[in-house]
Ligand code: ADP
């Protein structure tokens, strides 16, 4: 029996290249049709402070300044998705970091060619997801709801 407490949440963000290339609908569709539930969504420009906090683990990497400039350069779509195993499953749907080696059928494998323009961010673990959700969203911006399809997705 699938319990509501088994539900987990992940943080996803369609990066500026995904928005500029008109891929917002296509990207959201992949998570929606898979059977995950959208619980938070906002279209926003990212502040430098938020971008630096989000990518803090990469602060010492040579690509960090360019990555921050890219993320703040144009709007992003920040989202929280919920569902059984959503953190790992979303990473699979997204594909490998480098779009050139990402498998066809993944978002990065289907739409990207360069590691610095890989369209979408997804939390890499449940703990990271919790940190990132708290960083990007206020509690009241998240909507707890049960889609009518729930009994048809899980036994
Ligand atoms: P992922 O987004 O797949 O979790 P990482 O956490 O390793 O990947 O890296 C975070 C982001 O930093 C990547 O999505 C990409 O936008 C950028 N990045 C990583 N490696 C490079 C690189 N070598 N050159 C430019 N940008 C990079």
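Glycine too: its Cβ is placed from the backbone N, Cα and C atoms.
Bear in mind that the values here come from a model prediction, so they are computed numbers and not experimental data.
These features come from TrEMBL:
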- 121: active site, pros-phosphohistidine intermediate (ACT_SITE)
- 15, 63, 91, 97, 108, 118: ATP binding site (BINDING)
- 7-144: domain 'Nucleoside diphosphate kinase-like' (DOMAIN)
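Here the features listed in TrEMBL are placed on the structure.
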residue: 15; record: ATP binding site; Cβ within 10 Å: 24
residue: 63; record: ATP binding site; Cβ within 10 Å: 12
residue: 91; record: ATP binding site; Cβ within 10 Å: 17
residue: 97; record: ATP binding site; Cβ within 10 Å: 11
residue: 108; record: ATP binding site; Cβ within 10 Å: 24
residue: 118; record: ATP binding site; Cβ within 10 Å: 23
residue: 121; record: active site, pros-phosphohistidine intermediate; Cβ within 10 Å: 20
Collapsed DSSP category at residue 63 (ATP binding site): coil
For ligand 1, the binding-site residues of 15, 63, 97, 108 whose CB is under 6 Å from one of its atoms are 63, 97
Helix, strand and coil counts within the domain 'Nucleoside diphosphate kinase-like' (7-144) (DSSP): 62 helix, 32 strand, 44 coil
To the nearest Å, how far is the Cα of residue 15 (ATP binding site) from the Cα of residue 121 (active site, pros-phosphohistidine intermediate)? 7
